[in-house]
């Protein structure tokens, strides 16, 4: 079994996990914006997410000879370690619920803000729990200022969402007014100016809309699977906060599974190695995703159209992208746990600064915050500054597990 034993190796794992976990949400968001049903996408994603855990278990989990206190993956499958297995599977359940919720929050709130708020809640609650579970191996005087930065970012993220929503409403209102003025009656004196305005509006609607404009928002609404116009802002934020609460619990549950701080294992039974724990974690994550998403095919939420399992099997539009997202998430989670086992799970929660990556993809791929107000930009930059500070501080707090 391969274990990361150095602080440098742990930080490398965290950085790779940060890149992977910040990229897969952008892929799922892209598919939703292209009109693919989120139930179909998540089922595909869940398959490769589980496959990634199996690959990690049969490679890293089988390297080297087995030892009494750290058995290899296959050896440990037959051991009486069910209390730790239950903790691992509980972590997989809450992670699956959180990921499923964020699928809908990305559409209602936006990729960047959703990732900011959920990640911040994860660090504020999850890192605090992990600090005490890890017997305080992280430097408290460094760790908790980092947690405070994330807490500030929660408030800033909510403010960005409200400000950007107000900007979009203003764009749509101005666009409708321009259309009405162009099509409305005109006096003889204002005939030329009215014709000019009508010509301008016609020219604008005959070309490809620019990102951030009202026409861009309208065309996106027409193409995407989850319709957001008319939805109350509180619905998206409530889903986002629920997801953040779920995310905050999965890392402490995995911590308990691999380190048995509550002494639930029988005497002489070795602790669950991280690869075995990750396998059970991913199995429960897959089972919950399968049950809920098959249910959502026939009983959809948020006004989505009904589907069926047969329709899902025949839907190959974007399937390979969903498979890629599952691999990125699976390997990202595995790397996070490998780093956490060496440096402490509180420090490994620094990968929850993944909104730095997601915001990049959100701006580059989806044109989020294009042509927004100065207030929105100021809040966005302040939020990102808090995240940059937080990830640096949390990584600096990492200790070394004895």
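Using the three backbone atoms N, Cα and C, a Cβ is placed for every residue, glycine included.
As written in TrEMBL, here are the features:
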TRANSMEM  6-30  transmembrane segment
TRANSMEM  42-61  transmembrane segment
TRANSMEM  81-101  transmembrane segment
TRANSMEM  108-130  transmembrane segment
TRANSMEM  142-161  transmembrane segment
REGION    178-207  region 'Disordered'
COMPBIAS  183-204  compositional bias 'Polar residues'
TRANSMEM  234-257  transmembrane segment
TRANSMEM  277-299  transmembrane segment
TRANSMEM  320-339  transmembrane segment
TRANSMEM  345-366  transmembrane segment
TRANSMEM  378-397  transmembrane segment
- Query: Do at least three C-beta pairs under 8 angstroms join the transmembrane segment (81-101) to the transmembrane segment (6-30), pairs 6 or more apart in sequence?
  - Reply: no
- Query: Between the stretches 142-161, 277-299, 378-397, which wins on the count of C-beta pairs under 8 angstroms to the transmembrane segment (6-30)?
  - Reply: 378-397
- Message: Tell me whether the transmembrane segment (320-339) sits in contact with the transmembrane segment (142-161), defined here as at least 3 Cβ pairs under 8 Å among residues 6 or more apart in sequence.
- Response: no
- State the non-local partners of the transmembrane segment (234-257) in its own chain: residues 6+ outside its ends, Cβ under 8 Å from one of its Cβ atoms. 84-85, 87-88, 90-92, 94-95, 97-99, 101-102, 104-105, 108-109, 113-114, 117-126, 129-130, 133-134, 158, 161, 272, 277-278, 280-281, 336-337, 340, 345, 348-349, 352
- Are there at least 3 C-beta pairs under 8 angstroms linking the transmembrane segment (42-61) and the transmembrane segment (277-299), leaving out pairs fewer than 6 apart in sequence? yes
